[in-house]
Amino acid sequence: AELLKDYKQGDKVIQLRLEEGKELEYCLDPKTKELPPLRNPDILVGENDLTALSYLHEPAVLHNLRVRFIDSKLIYTYCGIVLVAINPYEQLPIYGEDIINAYSGQNMGDMDPHIFAVAEEAYKQMARDERNQSIIVSGESGAGKTVSAKYAMRYFATVSGSASEANVEEKVLASNPIMESIGNAKTTRNDNSSRFGKYIEIGFDKRYRIIGANMRTYLLEKSRVVFQAEEERNYHIFYQLCASAALPEFKTLRLGNANYFHYTKQGGSPVIDGIDDAKEMVHTRQACSLLGINDSHQMGIFRILAGILHLGNVGFTSRDADSCTIPHKHEPLTIFCDLMGVEYQEMSHWLCHRKLATASETYIKPISKLQAINARDALAKHIYAKLFNWIVDHVNKALHSTVKQHSFIGVLDIYGFETFEINSFEQFCINYANEKLQQQFNMHVFKLEQEEYMKEQIPWTLIDFYDNQPCINLIEAKLGILDLLDEECKMPKGSDDSWAQKLYNTHLKKCALFEKPRMSNKAFIIQHFADKVEYQCEGFLEKNKDTVYEEQIKVLKSSKFKMLSELFQDEEKALSPTSATPSGRTLLSRTAVKPAKAKPGQASKEHKKTVGHQVKLHLESLPFDRCFVFLYRFDEKRAVQQLRACGVLETIRISAAGFPSRWTYQEFFSRYRVLMKQKDVLSDRKQTCKNLLEKLILDKDKYQFGKTKIFFRAGQVAYLEKIRADKLRVACIRIQKTIRGWLMRKKYLLAHLGTLALTSVHLPLTRSFSCESTFCLLMLREHKAIIIQKHVRGWLARVRYRRSLKAIVYLQCCYRRMMAKRELKKLKIEARSVERYKKLNIGMENKIMQLQRKVDEQVNAPRVNGQKSLIILGSQDASCSYFGIIYLVTETMEKKLVEETKQLELDLNDERLRYQNLLNEFSRLEERYEDLKDEVNLMVVSGLKDSKIMCCLWTRQELESENKKLKNELNELQKALLEKSSPVVTAPGAPAYRVLLDQLTSVSEELDVRKEEVLILRSQLVSQKEAIQPKCLAQILLGFCRLLESQLQSQKKSHDNELEALRGEIQSLKEENNRQQQLLAQNLQLPPEARIEASLQHEITRLTNENLDLMEQLEKQDKTVRKLKKQLKVFAKKIGELEVGQMENISPGQIIDEPIRPVNIPRKEKDFQGMLEYKKDDEPKLVKNLILDLKPRGVAVNLIPGLPAYILFMCVRHADYLNDDQKVRSLLTSTINGIKKVLKKRGDDFETVSFWLSNTCRFLHCLKQYSGEEGFMKHNTPRQNEHCLTNFDLAEYRQVLSDLAIQIYQQLVRVLENILQPMIVSGMLEHETIQGVSGVKPPGLRKRTSSIADEGTYTLDSIIRQLNTFHSVMCQHGMDPELIKQVVKQTFYITGAVTLNNLLLRKDMCSWSKGMQIRYNVSQLEEWLRDKNLMNSGAKETLEPLIQAAQLLQVKKKTDEDAEAICSMCNALTTAQIVKVLNLYTPVNEFEERVSISFIRTIQMRLRDRKDSPQLLMDAKHIFPVTFPFNPSSLALETIQIPASLGLAFISRV
């Protein structure tokens, strides 16, 4: 609304005018006297990010969402780190693969809000920061959480791909139908509501491709199995089973209609409109098969589910108040027992009885009918929960990957805050979980704000935000609601009423968040962060204990049905709340089995088994990283409630408490430059902005200056916008005033001059009145004479005209007759088509013959001489009509011929495109085959390594056996020493000691010899390297030598380390020697016998240890020396080959002593035949030097274009001359394979791909030109015709080369696209080529890419420079002009498609000024085409959709005439694109107007009959079919000489 009258303090009423034009008197609240909240300026209405709003309050948020959802049809909006989505309840075309490709690789703030943007941000942060990510999807039932989670997973599957051939992404997506069937149900708000929380971890490998997934489930609503409210259903799987009951394989389940079973008929709504449960069952079974759940397991699942349904129909009859019974041979129970494989008597007994245990004895007690029904329902819930967990485990096994997981992205799909008319234990658990999530969310938002302030060095003031810790304490703290509930569950006679009284006594009037309803003693109220919720206490204890009798479980455990017994075999393990299943999934909703006898310490265990305690445990480990929220529908009250429930308004409040609006200095200067005078503009932008703000905003607390941004309090941007708008309005009024004054002055001066002219003419008129009468008589006579002359002259002119007309008609007839004869000759040549058109024009020939006969009669009939001219004219008219008919027939035939030709051309293009796509797929499969081949080779190599390891192990076993032999020898030596009993043996000078020293010395000498050999070889390598290192030594040789040197240095270092270790060993031996001498001295003091025994024992031990150590060292040294010798031999051989190759590559001018090679001196006396001869053994060298090792840049600059192609063809000619088919086939195959290898190795280099595309085409043209076929020999010289191939027809190889050229062209297009892709959006859309035209909008928390050019930012000049580079490279390589045109056309198509796609996905780019920028950028590209003489390439036409989109942004969009003009102008845009641009159109200044909804509807009505694609985005990956028009060469083959730089000295000219 707009104020009509200024507000003054004390006014009780405000005069307002609403947007619709109505006037309103708004009465203020007499108590608070609060004014209505202020509206944001137009520039901020409809903003992508709610935090970018200057005024942040609930009405502004709702209005912004309404404008985006209702007016612009945009369902997504950012709110800081949150993505807010409004469920449109219809399928929108914004989730296709083209949209995924558009968002892939983009920054989150650069595109319009979308779930794909959040998924891309998570994927990018996982890859960039190497941190696991999580996404939380929250909202009320029916908000679209599950669908949105599926879209996120589909995005990951599309952008990453799978690392294996098992289609992991398909399995991840296939898990959704299974989980929906067993975990989703119809509620009053949603036909497909998820009744459990789901957390899926999508695993990625090191290359960030999907390799597997893992699922965890939370809060399964088991009570739905046994009870459904009105208009609700049980889980879908039960109704799918009932709908498929007639299938042959389901006959044994004995199912029927859903209304027959108690567990499926309670809601009274067994059918969902538009859903066929039988078809859904087919989808469910298909998904199970895809995930590896075989048919037997599937039938086992359905058998258990059918048993649950039959169990629900089991009825009880009361015998008395405390006991009940089941009728004999009760059919539902009989079917249940048959399906479950259990005894009827046991199950019927334990359904009506329970076992009680005391300290001394155990006895069986009957139970009442109500207790029996509750026990039956508890058993059904328990079986379903077990089955649910079993299915989740098997899904996880199918999604599990054998490849090691490097990182993961988690998607948490959990229902949000819930409040109903009756809220029970389920809503309590859900809302408790949301309280915990909200606490983490608030802390995360607060932390982000703090980090932003600290990064910009803004003084940090504590922001007061809502902390829901008191509410969490009320629920989970000691003596909290959950604690009291668990305590009551342990009481023998605990009840819901007694628990409610405990709650009142503990918390009422002591906790502000806890209240008691006025009219109830069995309910309580909790003030949650979102709303007050009243919970009914009835059923809390039973649901929290979730108890099932152990005797019933034992009956099921003893089942003959194997799958059922598997569900319960690990009961005790599953009951432990800290245990996890083998898949790592921690269960939340488990069922506690009540034991027959209490044991010591049972109280603590029972406490852990309660559902409430499990909820508390698992909420502590919930992931949190980023969150997006889904609203139920756009209803103001529900929207506000959900915005509060999901924390969006709290996020806004936290932002508003600080500095919500943030501008960079450059953006602020560009926007508010109009508020500055010329003298205020300084070179320092930061100081300029400071000076301006100090003048405009006096309160310095309203803004802060950071390092790179200016921070504003709420409302300040709106204030600045008002000042700017007022300044512009004053300027507009001044311009209008000046122009209007100039126009009025001009009008006045004209009137003044006219007045002066009339005044000067008035006096002479009176004097000349008498003369005028005489003059009038003379004029009258003259006029009459002129009339007579006119009629005479007209008669004469008519006579001449008739005579000329007759002559002209006669000439026309003669000329037409001549042309008709010529046309007749052409028509006779085209006999077939004539015959066809004769059939189409039956009877036309008869008419022509009749006319001919009449003409003949008129010519032959006698006539009077006076009528001869008439007869001639009549015959001429008849012949004219005759030839006119022939002309009409011919023209019709020509038109149809042109139409058919066009249609055939279109069909040909389609076939060509289809064929080239097949070639592309073939090349991809070929690359895949090569990769697999390399992997197999690696596996073979690893197998060889394994065999080497086995050899080493075998060698080790041999050494161990030798070691045993040495030990035996030592034992013999010990015996000999004992026999001799000589103390001298152990002395240092003893023979044994000397032997060991000799062995050590020999080992050291051997080591020194090996080291010397290594050093000698190293010096030889260095000297060889210095000897062959001339100035022209290639860079790769230097790198190789450095590599060798580094390896030798590392080997030297390792040997030095080993030498040092050996020296240490020698030192230790010396120390040991000294110690031995001391021991010897001590032994001398002992008695002789003891002395001998001690010294001998010690010496034997020492010798054994030393011998083992020395043997081990010797073994290591031998291995090392052998390895070094082998490596040095290999390296020496490689260096020798490189030396030879390098010497061959040295040009003749650089070798002084060598004579110049004869190949470089053309001998005039010899007549060359344009052939090159080479030996068969030199073919690999030819391919290596001419293809594999050739550098395109040197060839393109110094030599003739296409030289490699000419050389290869001349070699083919010589092989053809020799009639050697094997040589021809081998050379052509090696050439094609060599080109493929080069492109695989350097396929991302534009020069390389362009070079080989040019040479492949030239080679193809040579094969055609010299093939001997007449069609290709027209432009040849006689000499060239003599060079044609004589023996072989290479048409098949021409086809292979053509296919190769197509593959190279497609690779060239991909390289072009990869180079241009980062430049297009920045240069064509974001950069302001015309400075000052585009307005800058205030950014939100999601910062967009600035339109101001910074260093490293791509501009339009960057794109044009890159296009110049492409064009010059292709021209240097001698690429065919027609092929260059096709490349340029494809390049311009990619540029236009990417630009238009981004325009359609960015609301901030759809403005009048941006349309002007785009038109200017397109004109610059057209100018480039004119400069390069490429206007006829068709490139300009590919930009037509972008040009029309820019015009659409600039044209007037108000009246019906405007709509008609838009429809006729935008013929290259689809209806969806036109409507999207109009919906996104956003005024940047206040003088622009938004497009009305009625105008958009008018456009849609006018375009409803247009038949075009419903796809929104252009296919930027589309590649036009390429053709290679024949382009003969005028170059004579005999004049081509081979430069020495190519290293082809082994080839000789013939």
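Cβ coordinates come from backbone N, Cα and C, glycine included.
As annotated in TrEMBL, coiled coil covers the listed stretch 834-861 rather than the other ranges in 246-273, 274-301, 666-693, 834-861. Annotated range for region 'Disordered' in TrEMBL, selecting from 575-610, 1115-1150: 575-610. With respect to Cβ neighbours within 10 Å, the binding-site residues GLY139, GLY144 differ, and GLY144 shows the lowest count.
The predicted model assigns the domain 'Myosin motor' (45-725) a mean pLDDT of 80.
Neighbour counts of Cβ atoms within 10 Å were compared for the binding-site residues GLU140, ALA143, LYS145, THR146, and the top value is held by LYS145.
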